[in-house]
Amino acid sequence: METVPPSPITWPDGGALTNDWVHGLMSCFEWSSWNLPPSQLPSLLPVNVFDSLVLTAHKILHKERNCVHIDDLDSVSNVVVVGDIHGQLHDLLFLLKDTGFPCQNRCYVFNGDYVDRGAWGLETFLVLLSWKVLMPDRVYLLRGNHESKYCTSMYGFEKEVLTKYGDKGKHVYRKCLGCFEGLPLASIISGRVYTAHGGLFRSPVLPKRTTRGKKNRRVVLLEPEPSSMKLGTLDELMQARRSVLDPPWEGSNLIPGDVLWSDPSMTPGLSPNEQRGIGLLWGPDCTEDFLKKYELKLIIRSHEGPDAREKRTGLGGMDNGYTIDHNVESGKLITIFSAPDYPQFQATEERYKNKGAYIILQAPDFSDPQFHSFEAVKPRPKAHPYYDFENVIDSDDEMDKSAMDTNNEQPNS
């Protein structure tokens with residue numbers, strides 16, 4: 001790594017990013033991770049440049065639908081699907097180099113969880129935003145459960161941003177939260193592959209108005225029994241309100257929480273995800289029903305690393321960065337996890353030493369997954385954790401719901 005410091009990043013005249021600008025940003029972040037204390041990041045990426053990048057990306061993301069249909073693939077030879085990254089910047093940079101950077105014949109779909117746990121969540125997210133701005137129809141960024149106020153306050157991202165940007169940290173953090181709200185929830189690739197961070201979702205409960213007068217009108221939601229829950233539809237997914245800081249676990253807007261937090265199970269049917277306190281568990285029959293109804297071949301989700309899978313019965317481990325969880329008549333359900341040697345700050349003997357992985361879907365039908373596992377980049381720069389990794393809840397279990405912000409108020413700048 002060069003010891004000569006790079007020049008500070010400036011926003012290009014006219015605001016149009018170039019390939020060289022994005023590569024310069026990546027090089028700048030990699031250099032700073034080795035050579036500067038975190039609090040010096042603004043010397044390379046001034047707040048005004050951060051603001052311009054996030055504002056430009058925010059406008060693009062908020063125009064995308066809840067489920068983006070990626071169909072303009074005539075010139076694309078492959079689509080790369082990436083799982084959780086969790087602030088492991090150097091592994092992301094390796095993955096991009098190993099696979100090939102986004103270009104007109106190579107499309108990327110990132111399945112969420114860009115931040116938290118790892119030490120470079122901000123840099124990771126900004127690298128991905130810069131690629132999105134440069135190539136909006138070749139890079140798709142979906143939301144993960146960690147792109148939320150609750151998770152980022154518990155698993156390190158908020159503290160990371162405040163450490164790096166000091167008295168401007170609250171401003172930077174709020175801008176990131178606003179951008180998180182704009183991230184789409186899911187994608188459908190070439191009409192054959194559905195991707196989302198957590199996975200499937202239930203049909204929402206419709207409110208029942210139970211009063212006579214307008215002044216005293218109340219809305220009552222009757223929560224269904226697990227046996228009466230129905231698998232949701234893509235139309236219902238499109239109509240969900242995604243612009244919330246923390247997806248609700250109750251009420252009529254359950255789809256965002258389901259899509260971000262749910263997990264597969266080997267038990268048939270839908271049931272509450274009691275271990276997480278939000279979202280669903282769905283069985284192989286639900287996978288088959290969803291694939292068959294929409295003539296899909298694959299569901300690709302993320303959300304579970306080696307720590308989560310250690311506790312799951314009947315499902316494969318995450319040693320190689322991926323598992324095939326359901327193999328049904330119409331196709332497959334796959335979990336992909338792209339953060340190797342996870343989690344970063346655990347003592348060596350307590351880390352899982354897992355590989356990360358990504359999936360390549362090749363033309364013409366993009367439905368035959370090729371799995372590519374990779375080792376963590378070593379050595380990593382020295383860094384301090386931004387969360388209490390020894391005592392914090394594992395794998396997002398047993399959530400403190402009182403700490404979640406489930407309204408749809410935009411964060412102030």
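Just so you know, glycine gets a Cβ as well, placed from its N, Cα and C.
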One of Asp51, Asp71, Asp113 listed by Swiss-Prot as binding Mn(2+) 1 at the site of Asp84, His86: Asp113
Site co-member for Mn(2+) 2 according to Swiss-Prot, given Asp113, His197, His303, out of Asn145, Asn273, Asn320, Asn327: Asn145
Among ranges 207-229, 391-413, whichever one Swiss-Prot labels region 'Disordered': 391-413
Spatially closest candidate among His86, Asp113, His197, the listed binding-site residues, to Cys67 (disulfide bond) (Cα to Cα): His197
Neighbour tally for Cys28 (disulfide bond), based on other Cβ positions within 10 Å of its Cβ: 19
Number of Cβ atoms other than its own within 10 Å, given for Cys67 (disulfide bond): 20
CB contacts for His146 (active site, proton donor) [other CB atoms within 10 A, all chains]: 28
CB-centroid shell, 8 A cutoff, Mn(2+) 2 site Asp113, Asn145, His197, His303, site residues removed: Asp84, Asn111, Gly112, Arg143, Gly144, His146, Gly198, Leu260, Trp261, Ser302
